[in-house]
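Before any comments, here is the structure.
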Amino acid sequence: MIAVIRRYFSMLAGDPLADRSVPPTGFTANLTVFTSGAMAFLAVFALALGLAAGQLADRWASELARTSTLRISAPADQLDAQVAAAVNLLETTPGVASARALDMAEQQALLEPWFGPDLPIDTLPIPRLIEVVEEGAGYDATGLRARLQAEVPGAILDDHTRWREPLVAAADRLRLLSILSIALIATATAAMITLAANAALAANAQVIKVMRLVGARDIYIAGAFVRRFTIRAFGGSAIGALAGTLAVLLLPSSDVAGGFLTGLSFSGASWFAPASIPLLAAVVAFLATRSAALRTLRALS
Amino acid sequence: MIELDRVAYSYGGAELFSNVSLTLAPGSFQFLTGPSGAGKTTLLKLCYGELVATAGHVRLFGKNVRELQRDDIALSRRNIGVVHQDCQFLDHLSVAENVALPLTVAGRADEASEYLEDLLSWVGLRNQAGQRPPELSGGERQRAALARAVIISPDVIIADEPTGNIDWEMSQRLLKLLVELNRMGKTILLATHDLNLIRQASKMQVQARVLRLMNQRLHVAGVDL
Ligand SMILES: Nc1ncnc2c1ncn2[C@@H]1O[C@H](COP(=O)(O)OP(=O)(O)O)[C@@H](O)[C@H]1O
Ligand SMILES: [Mg+2]
């Protein structure tokens, strides 16, 4: 296996004299560098998006799944009794770690973003909230609802699945889209490098002919082209990936909003992701040029 | 070493020649002559596998060309030095790099420096080593082509009108180089329409055979032209 890979990539082994045998072609060189640079720039964003979506999906899936909310609406004189009964009931429910009624100050804080600080919360018929934290495999929502209905008529259990599921699905979809984008970027890069390589090969038909006349094997001639394009793609995409990463870092981080954009950055191990883009580009260029070169050499005989 | 067995060739139209048999025995020196357009260049191309005969068989070092892969032909060419009618240089490389090209593509570039200087002196191009081929005169180009043909030390040397566009004095020098190579044991096939060159060779006491391609056939001719 390793021998096969080594043989496959052996044409990358440097031979400056072979590389000089093929004259430099400014147009295809610039095209390759520019294309791989631009594509790497785009790939960084797709990657950042994918990683952020992934983290978000995981966070939502795990954090939100651990908590739920019990809402109790009742006439003012029954409210405290129902809250106490509900907390009691919850504490004896298997799978519930804790149940705690939010106090007025906490409820006020929750409503503040919408109604401002001056809301006279104690005079309004606002439902009371009980925060439920789960443990282990969680509780049996259907059983709990049935018991609540019997004992605390004003209680409504919100286990967050209703709005958690579409969010997780959206984040997963976003992650998929970013993988798809990277695949498309790689394919488009391969296509453009193939075109550039074909142009270079066509422009050098006479050079190829002479090299053959003096006894060059296909793999040797192809190698001269493959090395050149691989190096250009690597260089171009390294610049593009660097620029893309800087652009991602320079995005304003809006922690307050706590929303999606805060996740659009790299940290820890995910730094390896943008760094891998030039390598991916080099592999793509290698494979594209290799097949273009060998195909052309076959046709030119 | 190279063997043509009742070979015919056509570029698509009528046959240029047919029923041509030719053996390049080791150490032999043969002239190939004939009127312009008779197919001398074509016949030589069959001898180093650039063209494949439309009938008959061509064997390079015992192997039928039709059964050889492209890369096998490339390897065979490392044992056949060719001076092409139109030289076939890479114009973006220096004369020295062009001369060294057969060693370079064979992955033996490190050997080049040893011979290169001697070889360039031998063909009188020491001072032109750094120039580009288009800057050379016709005679210099032909000598550079000869140097490239022999640098990998092939057993067979095929030269196509090597004296085509150079003066008589230079032609004689080139012929002398080829005769020297033949004395060193190389097999030579030299195409030329210049009968004076053949006469000159007989004065140098080479055991040369003269073949004439004419009217679609290859004839053996005497040296008394
Ligand atoms: N690639 C080609 N395609 C078609 N015809 C060709 C080609 N090369 C040579 N010919 C024709 O074949 C004939 C022989 O050419 P060539 O072998 O060069 O003859 P010579 O070397 O004896 O002058 C000429 O009529 C030439 O026009
Ligand atoms: Mg000719």
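Note that Cβ sites are derived from N, Cα and C of the backbone, with glycine treated the same way.
The annotation domain 'ABC3 transporter permease C-terminal' is assigned in TrEMBL to A:181-297. Marked as transmembrane segment by TrEMBL: A:31-53, A:176-201, A:233-251, A:271-288.
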Of the listed stretches (A:176-201, A:233-251, A:271-288), which one yields the highest count of Cβ-Cβ distances below 8 Å with the transmembrane segment (A:31-53)?
A:233-251
Summary of DSSP states over the domain 'ABC3 transporter permease C-terminal' (A:181-297), given as helix, strand and coil counts:
97 helix, 0 strand, 20 coil
Integer average pLDDT (0 to 100) for the domain 'ABC3 transporter permease C-terminal' (A:181-297):
86
